[in-house]
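First the structure, in the form of structure tokens, and then the observations on it.
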Amino acid sequence: MVSSHLGNNRIIKNTILLYFRMILLILVQLYIVPVILRNLGVADYGLYNVIAGVVTMFSFLGGSLSSGIQRFMSFAIGKNDKELLNTTFGVTASIFIVFSFVTFLLLESFGSWFVNCGMNIPAERIVAANWVFQFSVLSFIVNLVTIPYNSAIIAHERMSIYAYASIFDGVLKFLLAISLSFFSFDKLIYYAGFIVVISVSICLFYIYYCKRNFEECRDIKLTWNPEIGRKLLFYSGWNVVGVLANIGRGQGLNIVMNLFFGTLLNAAHAIALQINGVVSQFISNIYMATRPPITKLYAQGDIGGMWNLIFRSAKITFYLLMILSIPAIIEIETVLSLWLRDVPEYTSNIVVLMLMMTLIETLVNQLISAFQAANRIKRYQQYSSTIILLCVPLSFVVLKFWKMNPMIPYVISIALSFFYVLSIVVVAKMELNMSMKKFLHSVLIRNVIVFVIVFVLVRVLSDLLDASFGRVVVTFLLTLLSSAIMIWIVGLDGVEKAYVSNQISKVITNIKNNRIHEKS
């Protein structure tokens with residue numbers, strides 16, 4: 001029986017492993033971004049991100065299929081049905097062969113045309129842009145091959161392997177950033193080519209591990225089961241809408257900024273996306289660690305345990321994001337000036353607005369795992385995805401009449417985020433009979449109260465000091481301390497407080513026992 005208790009040993013272990021991975025990757029990212037920006041230059045850095053973004057827009061299909069594979073493999077594992085698990089992976093392999101071929105044709109036709117005819121690229125960089133595009137396509141296809149194996153690792157909750165692969169990826173990107181300064185060849189082309197090498201290396205690692213450890217991955221039988229295939233494609237088809245909306249918002253706004261303001265604003269957008277992405281990856285660790293067991297709980301019929309795990313992990317994700325975001329929002333200009341030598345204009349404003357948008361949506365994002373577990377994603381995707389994607393056409397239309405303010409698209413995105421939250425909550429009540437009262441009392445109200453009090457308190461106290469690195473440290477420590485106090489007073493219920501107290505007691509007892517053993 002998979003436990004829904006917050007203290008589930010495997011969930012805690014996997015989450016801790018993912019956080020060690022993330023801390024290391026953040027340190028690498030903090031180093032390599034300014035190095036890459038300095039070596040490529042603002043214009044080429046923006047050019048790479050906007051072209052890679054064109055390819056990334058096609059990844060919505062792979063991303064949705066990945067989510068579907070994880071869901072159905074986790075469901076089969078929860079049912080302890082090996083035959084269903086083997087068949088699911090075989091059907092998945094068949095689908096991806098067809099999908100990779102079709103995606104390649106789409107990228108080489110529409111994508112190539114758009115890069116050469118539809119984008120605002122300086123004439124002297126067209127050749128380099130085409131090299132970048134082709135390398136990005138190749139890297140993308142390799143990443144598609146990786147998806148079924150990556151999904152198997154996550155479904156089996158082998159997060160340590162996922163962590164090792166990500167660390168290996170980070171080390172290779174660190175070496176790439178270092179090597180840029182030693183090449184006289186076009187650095188943009190070299191950078192894009194090395195990304196392909198990294199993708200191939202990670203892909204081979206995943207394949208090797210899965211074939212050695214998972215029976216369904218050893219002797220893959222390409223097969224087609226109409227029932228499994230229909231369910232997987234139905235799930236993935238509706239999930240495409242959600243993934244497309246999120247990618248469309250990020251990369252669509254990138255293209256809108258390019259059309260109205262050029263590549264310099266693309267650089268600011270790219271840096272803001274990376275900062276927001278790094279912060280968001282902290283909470284994605286909790287999603288990754290909890291969603292397989294949530295699906296397994298549903299497969300075993302433990303609906304009450306499923307909702308308990310969802311609500312508690314939803315609070316944890318928001319509190320963690322809050323602790324990271326508040327210092328970033330308050331001290332963003334100081335952090336950027338210390339981190340980057342040349343900060344593109346508007347970067348700090350874009351970062352703040354993106355973080356606010358992410359905070360708002362994190363209030364309800366863990367509810368999505370319930371829709372996925374129950375395979376009832378149609379209605380929630382229809383409403384929430386439409387709301388998210390609306391920011392791109394609305395931004396385009398508004399900028400046509402008010403081009404002077406590049407912050408408009410991000411303000412529109414924040415406004416739409418409130419409607420996104422409402423849509424998720426309402427549909428969860430309608431489709432899954434979620435207790436609205438319990439969600440509001442246990443999650444939403446507590447989260448909002450804690451955030452408002454902590455933000456106002458830290459803002460007032462930090463303004464008493466002059467801007468400096470020291471104030472950044474003080475702001476973070478104030479956020480950490482005030483968050484801990486407010487989360488304990490307001491954020492946790494009685495059961496959660498008892499659990500935390502019990503865990504602290506265990507840690508203290510273990511420390512005392514270790515000291516006794518050392519003395520003896």
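Just so it is clear, glycine is given a Cβ too, placed from its N, Cα and C backbone atoms.
From a predicted model like this one, the values you see are computed outputs, not experimental measurements.
What TrEMBL records for this protein:
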TRANSMEM  16-33  transmembrane segment
TRANSMEM  45-63  transmembrane segment
TRANSMEM  84-107  transmembrane segment
TRANSMEM  127-149  transmembrane segment
TRANSMEM  161-183  transmembrane segment
TRANSMEM  189-211  transmembrane segment
TRANSMEM  316-340  transmembrane segment
TRANSMEM  346-371  transmembrane segment
TRANSMEM  383-402  transmembrane segment
TRANSMEM  408-427  transmembrane segment
TRANSMEM  439-461  transmembrane segment
TRANSMEM  473-492  transmembrane segment
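The list of residues near the transmembrane segment (161-183) in space but at least 6 beyond its ends in sequence, with Cβ under 8 angstroms from a Cβ of it, reads 17-18, 20-21, 24-25, 28-29, 31-32, 35-36, 39-40, 150, 153-154, 190-191, 194-195, 197-198, 201-202, 205-206, 209, 288. The transmembrane segment (127-149) shares more Cβ pairs under 8 Å with 189-211 than with any other stretch in the list 84-107, 189-211, 346-371, 383-402. By the Cβ criterion (distance under 8 Å, sequence gap of 6 or more), the transmembrane segment (439-461) is not counted as touching the transmembrane segment (189-211), fewer than 3 such pairs being found. Residues 265, 268-269, 271-273, 275-276, 279-280, 283, 286-287, 290-291, 294-295, 298, 306-307, 310, 313-314, 317-318, 321-322, 325, 328-329, 332-333, 336, 377, 380, 406-407, 410-411, 413-414, 417-418, 420-421, 424-425, 427-428, 431-432, 434, 439, 443-444, 447-448, 451 of the same chain, all 6+ positions outside the transmembrane segment (346-371), place their C-beta atoms under 8 angstroms from a C-beta of that stretch. Panel annotation: around the transmembrane segment (383-402), residues 241-242, 244-246, 248-249, 252-253, 256, 259-260, 408-409, 412-413, 416, 419-420, 423-424, 426-427 of the same chain, lying at least six beyond its termini, place a Cβ under 8 Å from a Cβ of the stretch. Nonlocal intrachain contacts for the transmembrane segment (189-211), taken as residues 6+ away from its ends with a CB within less than 8 angstroms of a stretch CB, comprise 36, 40, 48, 52, 128, 131-132, 135-136, 138-139, 142-143, 145-146, 149-150, 152-153, 161, 165, 168-169, 172-173, 176, 179-180, 183, 217-218.
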